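Student: So TrEMBL says this about it:
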DOMAIN    22-31  domain 'Uroporphyrinogen decarboxylase (URO-D)'
BINDING   27, 28, 29, 30, 31, 77, 154, 209, 327  substrate binding site
SITE      77  site 'Transition state stabilizer'
DOMAIN    142-158  domain 'Uroporphyrinogen decarboxylase (URO-D)'
Ligand code: CP3
């Protein structure tokens, strides 16, 4: 484990003793922050912001300067990988990401390249280097990627607002082609994440947002199998320090034990599961991240505090918990509530780490 002034995120990921439960938040740099809106305005739009080394570095650092978060996360998007593979990506306001040339055939898949990060995504590596220099061992920086399945969902559907009928049709009609694409994505993600590690990230998260739309058998074959392959091929030891890997599959609470077999160190939970039940199932093998419903941040402070304590108490007097929301923070969240949540987690969690065992 790498040494940071604040190393409670990394310690918790390896289920080691901490004094307080760490917290970071998915989309911690995002639209709920007026300062983020200003940075985005300077870049022009969201994609231009991801491509702008200086502004994306500022966006990464923004939330850790505003709140006592225990990890920074690279400011980018999972769809930067398909973009670098040759797909035409846009982000429409209030609609989210959209591929103007979704994949329809094997020919479309064959046209895509396996990007070389140093050549095709060098801007991401530069952002990581700048941010690592700026945070200079204060807290760890998390790097990330989408899972091949989740990336393929966007690439085949064009967006993820519909019912996933196109990718599911391909899965049953033409599984060989889908596997061809998933394999190409797997190769791309392995290169990309290893390059992020080389550039300086201290932890990895794999977002499998749409794994849960599959049934268990298909999940194992079309999503988990590739996540497993990726984790196996990551260079997770850096200068003798180990880099933890988190897997987040939304709506996969029935398959937590399967996810353990990916080789991850942490399973990120959405908010639909009781963390104590998840702990009973997989707590022997992995740390857990989560799992407050992001909507709770609409509530008054009193309620937020109660919900925070409830999650902490359900996890109980043991190590291996990273506090987080069960999904991304909502754009109309009051930043004051974020500060309140972060401080509450730190205060309320201390009692759970005092026991000697
Ligand atoms: O968490 C962070 O602060 C790091 C940056 C980050 C973003 N996206 C920035 C972003 C990360 C880790 C992601 C991951 C991501 N992107 C996922 C996996 C996690 C999840 O949300 O399930 C997915 C599926 C995407 C694809 C994507 N990008 C979607 C579906 C959207 C629209 C979401 C929405 O809330 O409207 C985006 C846009 C996006 N990615 C924004 C940000 C800050 C908002 C864009 C804006 O400012 O206009």
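Using the three backbone atoms N, Cα and C, a Cβ is placed for every residue, glycine included.
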Student: Quick one: Cα separation, residue 31 (substrate binding site) versus residue 77 (site 'Transition state stabilizer'), in Å?
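Tutor: That separation, Cα to Cα, works out to 14 Å.
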Student: Of these binding-site residues, 27, 31, 327, which scores lowest on Cβ atoms within 10 Å?
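Tutor: Fewest other Cβ atoms within 10 Å, among the binding-site residues 27, 31, 327, is found for 31.
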Student: Using a Cβ-Cβ cut-off under 8 angstroms and a sequence gap of six or more, which residues of the chain neighbour residue 154 (substrate binding site)?
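Tutor: Correct list: 79, 82, 97, 99, 160.
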Student: CB neighbours of residue 29 (substrate binding site) within 10 A?
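Tutor: That number is 26.
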Student: Distance check, please: Cα of residue 27 (substrate binding site) against Cα of residue 77 (site 'Transition state stabilizer'), rounded to an integer number of angstrom.
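Tutor: Distance between the two Cα atoms comes out at 10 Å.
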Student: Cβ distance under 8 Å to residue 77 (site 'Transition state stabilizer'), same chain, sequence separation 6 or more: which residues?
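Tutor: Correct list: 46, 50, 97.
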